[in-house]
Amino acid sequence: MKKEVRKVRIALASPEKIRSWSYGEVEKPETINYRTLKPERDGLFDERIFGPIKDYECACGKYKRQRFEGKVCERCGVEVTKSIVRRYRMGHIELATPAAHIWFVKDVPSKIGTLLDLSATELEQVLYFSKYIVLDPKGAILNGVPVEKRQLLTDEEYRELRYGKQETYPLPPGVDALVKDGEEVVKGQELAPGVVSRLDGVALYRFPRRVRVEYVKKERAGLRLPLAAWVEKEAYKPGEILAELPEPYLFRAEEEGVVELKELEEGAFLVLRREDEPVATYFLPVGMTPLVVHGEIVEKGQPLAEAKGLLRMPRQVRAAQVEAEEEGETVYLTLFLEWTEPKDYRVQPHMNVVVPEGARVEAGDKIVAAIDPEEEVIAEAEGVVHLHEPASILVVKARVYPFEDDVEVSTGDRVAPGDVLADGGKVKSDVYGRVEVDLVRNVVRVVESYDIDARMGAEAIQQLLKELDLEALEKELLEEMKHPSRARRAKARKRLEVVRAFLDSGNRPEWMILEAVPVLPPDLRPMVQVDGGRFATSDLNDLYRRLINRNNRLKKLLAQGAPEIIIRNEKRMLQEAVDALLDNGRRGAPVTNPGSDRPLRSLTDILSGKQGRFRQNLLGKRVDYSGRSVIVVGPQLKLHQCGLPKRMALELFKPFLLKKMEEKGIAPNVKAARRMLERQRDIKDEVWDALEEVIHGKVVLLNRAPTLHRLGIQAFQPVLVEGQSIQLHPLVCEAFNADFDGDQMAVHVPLSSFAQAEARIQMLSAHNLLSPASGEPLAKPSRDIILGLYYITQVRKEKKGAGLEFATPEEALAAHERGEVALNAPIKVAGRETSVGRLKYVFANPDEALLAVAHGIVDLQDVVTVRYMGKRLETSPGRILFARIVAEAVEDEKVAWELIQLDVPQEKNSLKDLVYQAFLRLGMEKTARLLDALKYYGFTFSTTSGITIGIDDAVIPEEKKQYLEEADRKLLQIEQAYEMGFLTDRERYDQILQLWTETTEKVTQAVFKNFEENYPFNPLYVMAQSGARGNPQQIRQLCGLRGLMQKPSGETFEVPVRSSFREGLTVLEYFISSHGARKGGADTALRTADSGYLTRKLVDVTHEIVVREADCGTTNYISVPLFQPDEVTRSLRLRKRADIEAGLYGRVLAREVEVLGVRLEEGRYLSMDDVHLLIKAAEAGEIQEVPVRSPLTCQTRYGVCQKCYGYDLSMARPVSIGEAVGIVAAQSIGEPGTQLTMRTFHTGGVAGAADITQGLPRVIELFEARRPKAKAVISEIDGVVRIEETEEKLSVFVESEGFSKEYKLPKEARLLVKDGDYVEAGQPLTRGAIDPHQLLEAKGPEAVERYLVEEIQKVYRAQGVKLHDKHIEIVVRQMMKYVEVTDPGDSRLLEGQVLEKWDVEALNERLIAEGKTPVAWKPLLMGVTKSALSTKSWLSAASFQNTTHVLTEAAIAGKKDELIGLKENVILGRLIPAGTGSDFVRFTQVVDQKTLKAIEEARKEAVEAKERPAARRGVKREQPGKQA
């Protein structure tokens, strides 16, 4: 058994779910190999992932045929199966870093933003890597304020928090710093000449350009001094005194050798060498002067130096140790000396200093690193490094802690206040920060910074979403809902709705971030070879390719450990690639096709819009067994027939024909039959005969686009015709809005017998005679048919002898013989009005009269006397002929004569009434026959009448000249009055327009009077009078004058066009006329689009409204008023007959009504006769309004009941259950939309007067519940009006007991009330359109419903469109379907939440039953667009508009579509739950008498069994299988 879908749910997919759908990961961007044309491995078309390209064949061809089904080839890894799997097997791309789903980011309001309380801009800054978001602040403080979770940080702020506050000061080349590297500085201190620190902190050098190494030199040297002069010490510091000599002293050589003198800045060394080996080294302190020179040979005992006064150590040399040997009066000192020798090294930009300031180095240590090893600086000896000339100085906010012993932290550690740094706990940090240990200076620096966790990109957002505790957030927001501020409550409600959507649906917020991207099956994004060997591919493949390329590049960069900035950029590009795939162009510029500017179609584009999946492929599809061709008129056809070209029928009915050919033996089998048909020339006559048999009894559907209402598709019995054109019955043209100037129509064949039966019963053209919009005939005589019938039923009126009086008939006849009196001239005989024809030709029966016409004795238009059914009729043979035609068609002469009015010619309206009355009295079949008869004779007589138009038929009346002269005189007077200042410019303009309007009217009357009196059979006049073609305005322009014309702005030219078309226009007149004509053309084009869109919106809002039950049982009703206030006097007057009919016809009476002695019972369907009775009663003052059931008050959910809806207007009988009345309503309102004007009338620059919206824009404004531009001020309370006037403004007070309401108005406001008037709430005080929302607040829903129906009807009536009120009521009901919660009571609802009235009412019933507080609500008025988008069915809403928004909301809430309306069922390919698809029809069984009897017996038996005593029932056992 086929499974039936009952509900459809949409939800978010988790990363695991996406991977579970996938058959493998797509790792490469390749599609197919350009040489072998086979899919690349791991690419977007890989057969291992998506399945084989050929049925039951692996990629390498090892396994072929079905017997290997399910086997995976060990060579190529492809599963042997059908290739169709490539339409539904998905792959996936594993993202290197998570990416956000753009729908949940860019939706308004953003779903992710709402959950995390981030604005759209903030969210975007994080996702696209321009700001960090804080995941864990770890106590961080920024500018004295604690950092909070989810706070956004700029790059600078993040660096300051993470790495400390720091400022960089660049130094020019060659300038040395005034502070040392690592020195503490204060704000305002000079760091280098002209460079001042703006921060307290530690100065750190960046890129020193010069390094000075102070190498440590050591030497052991001797010195003999007088013992008495020696200042004895164990060691000497630089500059200390060695000896105080009272008299000069000579220092002598104690060995012989060659002198080597090494001079220092102060002091010197003297080395004696023998054979290049040093034999003695002497130290010459400051105060001792050498007496020998370098290279001199000295003897033992020779003086080397002379000393005087104080001998001291040089400033740069110290003696670390002294050994003294006393010899008599002298002492020999052995000094262990140390001193430094500085050496500078330049550091080039490509070199890098690797040791800090003040560091000690050993010989061989590297000081400066370089790319080229030869450029590196290596320590020559032990020494201390000093840095100079930094490129910049970095001042870091840090605390410096000196220490003595051990350090307990190491560089890079993070510490908090109170953490131990050194000296066994004596030194502790008092800030958060990062440690830098400086062993040179014995300090620990703590750079003030925080171990803050802040990140960028979707990764950060995903983490935050994962951490969300939705339950806690819900509680927090519920508390926020109690806040006094309305704005705060509204914001909390929006967030709460999203939070609850996640909680109730079981979706997780982090699923809005993608870790893996699903890859669409390849056959849904195909790549095909086009002519010339090139490939055409779906845009999706390009988008996937970009994504894979970027993903792979990011993976590679991450593996290589690329710098953060490069990774960040690549991640951003990956996010953008995911965005482009999901919804190209939603953010930033769209990705375009290389080589053109066309944006690529992303997944969103494939779904949404007119060309999207929903509207293009699901709501409507192209079908097989269809064709189209040009239409031509088929006057010989019956109403239910159409002419189908033979060749077309051959193709459309091919399968049936092939079977028939095989059955009849024309061809041995189907294959031969098909070949026979393909060879066009070989088609034999018996094939055509077989085709005739095949189509016998079948119907086809004809459709003309645009299909504005259901009569745009009708069923016809095909009749085979020669040629290539479809022949259409002339009387269905009106329903199709077809004409024969090149229109085309489509043909469809219903295939199954069910479809054939449904088309024949429901859709046959002969079964659709009345309009579903108004109940008036749609199939009615028109154009030539009217002309022909009018021609034969018109009577001649002749002037000759008119008005003469005769004593006897004989005298009159004699005068006629003499030629004094015309046959049809009105005369009096013995005081009775008659004519010669009536006296001369008296026929015993109608047949005689027609015989006289046939013999040329009388004309069809002459008035004669005929006896019929015992009555003496004075009428024309033409009218008798017409009655005969009708009688023959309906096969009932008595009824025919009753239906026809014999005293008037048959024009458009009387023919329409005839058809309608025939339908009511005789039914559908006979009416169809009548229509065919009228068609046949109408064409016949319009042909034989020879009516044609010539230029001379446009007769200009003689009075025109004098009327124009008169107008010119009055014009002069107006101009003079203006010149003299008696009129303002505006008054002058208005009076001139008034004058010309009156003149035009006079000329029009003159034109028609002239025709009527002098040319009654003038073709122009006949056409206009009969309603066949043309209207009085057109005739006026042909024969009278064109009149006033419109300016492009919409105002009127004050200069009229005086000429008629017959006379011809002057150049100026032609020019003036052109504006209006052009505006008309432009209007039509705009109107068509707007009207179509309105229809679509109406269908979307009403499609679920179906007649679902017989009676909803409501006691509510609406009262249809029979009177209305006059526009000018405001006094009540009876409404127009047509308006009352549109409000009452076909409705069910809600209360019993007794009028004019007739009792109309409650529950009665009001026929047209009943309506006319009620109108008569209203005229007699017996009744003011009629209580009727209405869709507005119906209690049926998702539809209406039979009683509240009333008649199915197209059948003039109560509506059937299952009828899709919502769509009928939408089509009925939308279809005439193109006939409405587009005009916005301009008031011509009057100050303060706004434009009055009319026509289609007004209808749209009302259905969209927009606030009108020129708004009327309405009273909010009942009370008495008091008006106060000041210099600047008007004040209108409405006063009721103890309460007054003031309305301040501009001075030029046009009031509708005067002092002392009593007004009700909702009544307008000024002119203008009422704002329906204000009316709803002031007067409640019933007033708004009435207002909307009445205002919409006004626009349609103005254009002469007939439309039943109930169609508008159905739409208005959908607009009033929603309510807003004002107090949630004890429910889970939220204040301000909008939901359907039904839901709230059902909830309240439950709450009251449980003894809880019910929900308080107020009614809402919603425009049709908003109402359609708010529908519970997400499928319907998504296929209407804003697809992404609807799907986003639905997915988050995990919405289920219950498939109640029509659209959602069409989308799923199910039968629609209306008409024959409704459960009521599908599960209703038709039973015969025998079955009925069996059911009745079984029922009786069941009742008896119940009534038997319990004991007996226990004993008797049912026989198995015998069940009632």
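Cβ atoms here come from the backbone N, Cα and C positions, even for glycine.
Going by Swiss-Prot, these are the annotated features:
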- C58, C60, C73, C76: Zn(2+) 1 binding site (BINDING)
- D739, D741, D743: Mg(2+) binding site (BINDING)
- C1112, C1194, C1201, C1204: Zn(2+) 2 binding site (BINDING)
- 1500-1524: region 'Disordered' (REGION)
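This view paints the features noted in Swiss-Prot onto the structure.
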residue: C58; record: Zn(2+) 1 binding site; contacts (Cβ under 8 Å, 6+ apart): E47, P52, K64, C73, R75, C76, V78, E79, V80
residue: C60; record: Zn(2+) 1 binding site; contacts (Cβ under 8 Å, 6+ apart): C73, R75, C76, V78
residue: D739; record: Mg(2+) binding site; contacts (Cβ under 8 Å, 6+ apart): C733
residue: D741; record: Mg(2+) binding site; contacts (Cβ under 8 Å, 6+ apart): none
residue: D743; record: Mg(2+) binding site; contacts (Cβ under 8 Å, 6+ apart): V630, I631, R704
residue: C1194; record: Zn(2+) 2 binding site; contacts (Cβ under 8 Å, 6+ apart): C1112, T1114, V1200, C1201, C1204, Y1205, R1373
Completion exercise
C1204 (Zn(2+) 2 binding site), Cβ-centred 10 Å count of other Cβ atoms over all protein chains shown, is 31
Fill in the blank from the handout: For C76 (Zn(2+) 1 binding site), the number of neighbouring Cβ atoms whose distance to its own Cβ is within 10 Å equals 17
Fill in the blank from the handout: According to DSSP, C1201 (Zn(2+) 2 binding site) sits in strand
Completion exercise
A correct count of other C-beta atoms within 10 Å of the C-beta of C73 (Zn(2+) 1 binding site) gives 20
Practice task
Ten-angstrom check, please: count other Cβ atoms within 10 Å of the Cβ of C1112 (Zn(2+) 2 binding site), all chains counted.
Solution key: 19
Fill in the blank from the handout: Using a 10 Å radius on the Cβ of C1201 (Zn(2+) 2 binding site), the other Cβ atoms enclosed count 22
Exercise for the section: Would you list, in sequence order, the residues of this chain other than D739, D741, D743 that have their CB within 8 A of the centroid of the site's CB atoms, where the site is the one recorded for Mg(2+)? Expected result: I631, A738, F740, G742
Problem - Cβ-centroid neighbours of Zn(2+) 2 site C1112, C1194, C1201, C1204, 8 Å, sequence order - result: E1109, D1111, T1114, R1189, P1191, T1193, Q1195, T1196, V1200, Q1202, K1203, Y1205
Exercise for the section: Show, in sequence order, which residues other than C58, C60, C73, C76 on the same chain lie with their Cβ within 8 Å of the centre of the Cβ atoms of the Zn(2+) 1 site. Expected result: A59, G61, K62, Y63, E74, R75, G77, V78
